[in-house]
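If you check TrEMBL, you get these features:
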{"type": "DOMAIN", "residues": "7-393", "note": "domain 'Major facilitator superfamily (MFS) profile'"}
{"type": "TRANSMEM", "residues": "43-65", "note": "transmembrane segment"}
{"type": "TRANSMEM", "residues": "77-96", "note": "transmembrane segment"}
{"type": "TRANSMEM", "residues": "102-125", "note": "transmembrane segment"}
{"type": "TRANSMEM", "residues": "137-160", "note": "transmembrane segment"}
{"type": "TRANSMEM", "residues": "166-185", "note": "transmembrane segment"}
{"type": "TRANSMEM", "residues": "206-227", "note": "transmembrane segment"}
{"type": "TRANSMEM", "residues": "247-269", "note": "transmembrane segment"}
{"type": "TRANSMEM", "residues": "281-298", "note": "transmembrane segment"}
{"type": "TRANSMEM", "residues": "304-330", "note": "transmembrane segment"}
{"type": "TRANSMEM", "residues": "342-362", "note": "transmembrane segment"}
{"type": "TRANSMEM", "residues": "368-389", "note": "transmembrane segment"}
Amino acid sequence: MNWKVVLALMVTFALMMSSSYTMLIPFLPLYMQNELNATSDEIAMWSGFTFSITFAVSAFMSPIWGKLSDKMGKKPMIIRSSILLSITYFLGGIVTNPFELFLVRAFQGIAAGLWPACLVMISAYTPKNKLGLSMGLMQSANICGGILGPLFGGILATSFGMRNSFFIGSTALLAICLLSIFILKEPPADKEIKKTDRKTVSAMDCLKNINIIILLLCVCLTNFAIMEIQPIMALYVQSMAENAENAVLLSGLILSSGGLAGAIASPFWGKTGQKKGFAKTITVAFLFAGFMLTMQGIPDNLIIFGAIQFICGLGFSGIFPSANSILVLITPASSRGIGFGLMASAQMLGGALGPIIGSIIVTLTSYSYVYVFSGILMLCMGLYILFFAPESFKKAANQVKVTDITAKQD
């Protein structure tokens, strides 16, 4: 298949997958209240469990699915994940109580893996000189889906009911499955992998590589910072807003502005990384995002806060495309599935820890310190890559091919 056709398919899949997810998840508490007849106490308890269980299970399963994609092929993993996710969304629309919804969300964690599977497929087809652009476009599609999902979810829930929103999401994932079966082809590049690259690589082999560990820290820390501030943004905005009734709307608009900025900037970061080197772009992105995130803890003016959020989104959008591109460059083709699986696990871990640490900081201090703390962590990561990351990481990230994932690094 032509790599541009594959890229178009994967971008479409990313948009459909992300929007299907985000059009349902923000409304789970309301779903429990309106459709499952849960009490306030039940909602308070089950909301946290149903949200976090998917992260926990997915973090455990992602490396397993990644390993299987290296052995069984990329296309089967996309089909597996999309059909299982379609089933979970359908089941989500027929549950009758919060515990059943919790079980469905746990099954969703088992089914997860579509995003890393799509990234592995992209890495197999994309020419090396187009890698940055491809990863940037994938990130843009993922962000756009995250922006459009809640909008579609609100409209669909109002027009057709929340249960039907699950069925529509299920249909979207089923469409991904069918498109994969009838259009997508398994990349032939696997046949060309050198015999020396076909040796079995485990998750532990990957974790012995300092370059892989740096990437895992990058994506874990980034998702940690994102998820640390999301739950408290509405309350932080409310503390600055004159009209408390508009706090939810304003926080949604401000959060979406950061996503919009990221969708615009992601391809730019990808192209820049291709030209200047991904080590440079990920360093600049960390330092820029960290500085702007720290600045968000200072203003008590909502307009300034919103403007900084938009600018902050420009920085955040450079991290994931750069990290994904670097992973492709430092792993052999026969081991990218396990690599992207570990990256997905690291993101899930960061997403699970972020809200917990954020709530502790708010309890002990105030909302603004959550932003300052996250910003300082991002700055520290950027400074580490700039001054202390091994030369092997910088050389590999600047498109020097590394083929032995188990090789010891300086």
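Note: Cβ is positioned from N, Cα and C throughout, glycine not excepted.
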Q.
Please identify the stretch among 137-160, 166-185, 304-330, 342-362, 368-389 with the greatest number of Cβ pairs below 8 Å relative to the transmembrane segment (77-96).
A. 166-185
Q: Give, as a single whole number between 0 and 100, the mean pLDDT over the domain 'Major facilitator superfamily (MFS) profile' (7-393).
A: 88
Q: With the transmembrane segment (137-160) as the reference, find which of 43-65, 166-185, 206-227, 304-330, 368-389 contributes the most Cβ pairs under 8 Å.
A: 304-330
Q) Near the transmembrane segment (342-362), which same-chain residues lie under 8 Å Cβ to Cβ, leaving out any that are not at least 6 residues past its ends? A) 52, 55-56, 58-60, 62-63, 66, 112-113, 115-116, 203, 206-207, 212, 215-217, 219-232, 323-324, 327, 369-370, 373
(Q) Let me spell it out: take the transmembrane segment (43-65), skip the flanking residues so only those 6+ beyond its ends count, and list any with a Cβ under 8 Å from a Cβ in it. (A) 25, 28-29, 32-33, 77, 80-81, 98-99, 101-102, 105-106, 108-110, 112-113, 116-117, 203, 337-338, 341-342, 344-345, 348-349, 351-352
Q) Between 166-185, 247-269, 304-330, who has the most Cβ pairs under 8 Å to the transmembrane segment (206-227)? A) 304-330
